[in-house]
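Okay, structure first, notes after.
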Amino acid sequence: MKKLSIVLLSVSMLSSIAFADNSDRVVATYTGGEVRESQIMKEFKPQLNLPSGETIKNFDDFPPQDQDKLIRIYVNNILLKKEVEKSNITSSKEFQEKLENAKNQLAQKELLENYVKSNLTDKMFDDEYNKYVTSLKGKEQIKVAHILVKSEKEANDLKNKLNKGADFAKLAGESSLDKASATNGGVIGYILLNQPGQLVPEFENKAFALKVNEVSTPVKTDYGWHIIKVLEKKPVPIPTKEEAKMTIDNVLAAEILKKYISDLEAKADLKIMLPPAANNEAKK
């Protein structure tokens, strides 16, 4: 079984300790208490994510290292809860203010999530999916690699070496300031043109103008100077509804909430008493 990804619950979310049946095996003891299998299962089963898709039914289904980890998390939460109770920290004014702020934020988050759920319809999803698919049809994605350096001179020197037959991946590993891609021969991965949140326009425009295996002249961006190489070009795959669900849900949620907040501001007759420049900057 693959190693489980265990979510450490915060002390504030610790549920009350369930009464355990005497037939449960005791898996740990501590001063003033003991831990039974059923308590671990009740506490953690809903929060466990198995990449393999397997279902956890019994405590013994967990690998030994995860059994130990779960027990320690469970007991540590109990011990810390007791320390909190002894400290009287929750009675301080500062804590009460933080608690009230946290409650307000949690309530607002719940409100917004519920609002999105009640206003995001199947038709909206289908319409947005169809629009998304249409926007991808006929588009091309490219696999790019780059070498990033500080100065134009460094970039030109690298370009000259490449023109003389130097290996791009080797130079990227030796010279690129982008350490994340340098360890992979400068490879960034696949990109689409004008896709929000990807790369800066100067980089994208130069990359999409290249042919496969062609290397660019030095390109300047806010990050420095780049030498770009296109490794592959292929059509953008059309995702299924399931594959696109998260992307589309996020887009629709943002639109729904933007309108909701705008309507609230309008109902409240909100007027910002700042100079126009500052007001316009805040809206960006």
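Cβ coordinates come from backbone N, Cα and C, glycine included.
Noted in Swiss-Prot for the protein shown:
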type   : residues : note
DOMAIN : 139-232  : domain 'PpiC'
SIGNAL : 1-20     : signal peptide
Local confidence of the domain 'PpiC' (139-232) - pLDDT mean: 94
DSSP-derived helix, strand and coil totals, residue by residue, for the domain 'PpiC' (139-232): 32 helix, 29 strand, 33 coil
